[in-house]
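See structure below.
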Amino acid sequence: MGMASGISRPVTAACINPSSCRPRYHRPIFSFPQPGAGLNLQRLFFRSFHFRRRLPHSLGTSSEDPFAQRLGGSPSEAMSSFSSPSPVSYSEELAAAKKAALLASHLCQKVQKSIMPSDVQSKADKSPVTVADYGSQALISLVLKMELPSLSFSLVAEEDSVDLRKDVAHETLKSITKLVNEILSASDTYKLSLSEEEVLDAIDSGKSEGGPHGRHWVLDPIDGTKGFLRGDQYAIALAMLDEGKVVLGVLACPNLPLFSIRSTCDQSFNSEIGCIFSACLGSGALMESLNGSTATKVHVSTIEAPADASFFESFEAAHSMHDLSSSIAEKLGVRAPPVRIDSQAKYAAMARGDGAIYLRFPHKGYREKIWDHAAGFIVVSEAGGVVSDAAGNELDFSRGRHLDLDTGIICTNKKLMPLLLKAVQDSLKEKLQSPSTH
Ligand SMILES: Nc1ncnc2c1ncn2[C@@H]1O[C@H](COP(=O)(O)O)[C@@H](O)[C@H]1OP(=O)(O)O
Ligand SMILES: [Mg+2]
């Protein structure tokens with residue numbers, strides 16, 4: 001008997017969906033950065049010819065400085081105690097990533113509120129893509145370049161402009177350009193208006209191959225496009241690799257409640273939605289409201305007994321094998337039904353302990369992309385969790401646009417991981433031996 005069948009029905013987006021639980025947009029969605037917080041083009045021009053010296057880590061604010069925190073002293077005390085080279089700081093990059101993801105969230109919210117059939121196309125692999133996917137990618141690439149001007153900019157991102165350059169897509173391109181310009185002009189920060197060609201170029205700057213050397217931004221402009229179209233969960237997922245390692249990540253989840261997703265229907269009917277999670281290597285993971293609340297540190301669930309755990313999986317059965325998750329959960333003795341939501345919002349919810357386990361087992365032949373996991377990986381890792389492939393190996397983001405793994409991805413806290421790995425391997429073995437797989 002599958003675990004899910006014996007207990008209760010899966011918790012799905014139908015329950016969690018903000019549109020079914022409460023008015024979806026009950027708060028003003030536009031709360032842009034303060035004027036002057038960003039850059040204008042003049043400043044951009046200036047900055048691109050004047051390389052800024054990277055601040056040593058210990059010159060960051062003490063609240064976000066693990067180096068100083070470890071020593072229990074002020075940043076300057078921390079600095080004077082060590083003469084060895086300071087660890088690299090990514091605080092400027094993280095701030096830029098948050099700005100970019102915030103603006104992209106506003107664009108996505110605007111589109112999701114009144115999406116039209118003409119806003120949606122089908123890609124070569126038959127998956128949907130919307131004006132918001134393209135607009136979000138253009139906006140983020142542009143904001144990162146403006147905030148962090150340097151000679152090298154590398155972005156590994158999901159979308160490209162091939163289909164948009166076709167004559168039949170001209171109206172779509174016009175809509176995307178209009179959207180991007182509306183968001184930019186409402187921001188009070190970036191006073192510029194892009195041409196269609198500039199929007200196409202901004203989208204196409206996401207063609208980098210990534211790899212083990214140098215710095216690369218990694219972006220999924222809308223992760224969970226199917227959820228986005230249903231009015232459910234989706235995420236804007238942006239991370240940065242440095243020498244093949246994920247060093248920072250931002251997950252904007254415009255429909256995720258500020259309180260536990262599992263309690264949304266029961267208790268927090270009027271709970272605010274829209275969260276942004278961020279993490280920087282060695283500094284923990286933070287959550288704040290998209291409307292700009294104070295950031296709070298988040299931590300994964302500390303549950304040690306699998307019977308008390310609940311697990312996340314894809315809403316779409318085509319994206320992850322629900323029967324395999326059910327068998328794993330049964331072996332572990334998990335009693336709660338699966339919580340099915342779209343996108344890396346699952347990693348975000350994991351990072352604050354809404355659930356204790358995340359299982360992802362795509363069907364045979366699917367190749368995982370780095371942008372589908374990089375931001376989620378660092379947010380959960382910095383919240384104290386572990387993410388690995390189904391054999392317990394760390395995910396390797398240094399091998400280009402894809403993750404080289406063929407089994408699946410699992411995520412939980414450090415205490416539960418050994419038990420989870422055993423259950424996963426037993427279930428995979430059983431699946432291989434089952435007559436239906438031959
Ligand atoms: N056939 C597939 N199997 C697994 N994942 C897929 C498949 N097709 C698309 N995806 C991607 O899986 C992620 C969604 O996962 P989940 O089902 O866990 O929410 C998205 O990144 C989605 O792409 P996209 O970014 O275009 O939405
Ligand atoms: Mg995706």
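Using N, Cα and C of the backbone, Cβ positions are placed for all residues, glycine too.
TrEMBL entries are annotated by machine, without manual review.
Marked as region 'Disordered' by TrEMBL: 62-84.
Annotation source TrEMBL lists compositional bias 'Low complexity' at 74-84.
Annotation comment: TrEMBL describes Glu158, Ile222, Asp223, Asp372 as Mg(2+) 1 binding site. In this view, Glu158 (Mg(2+) 1 binding site) is surrounded by 23 other Cβ atoms within 10 Å of its Cβ, with every protein chain counted.
For Asp220, the entry in TrEMBL reads Mg(2+) 2 binding site. For Asp220 (Mg(2+) 2 binding site), other Cβ atoms within 10 Å of its Cβ number 31. According to its DSSP assignment, Asp220 (Mg(2+) 2 binding site) is in a strand.
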Residues flanking the Mg(2+) 1 site, with Cβ no more than 8 Å from the Cβ centroid of Glu158, Ile222, Asp223, Asp372 and excluding those residues themselves = Asp133, Leu219, Asp220, Pro221, Gly224, Thr225, Ala235, Ala237, Ser343, Gln344, Lys369, Trp371
Hey, of the binding-site residues listed (Asp223, Asp372), which one tops the CB count within 10 A?
-> Asp223
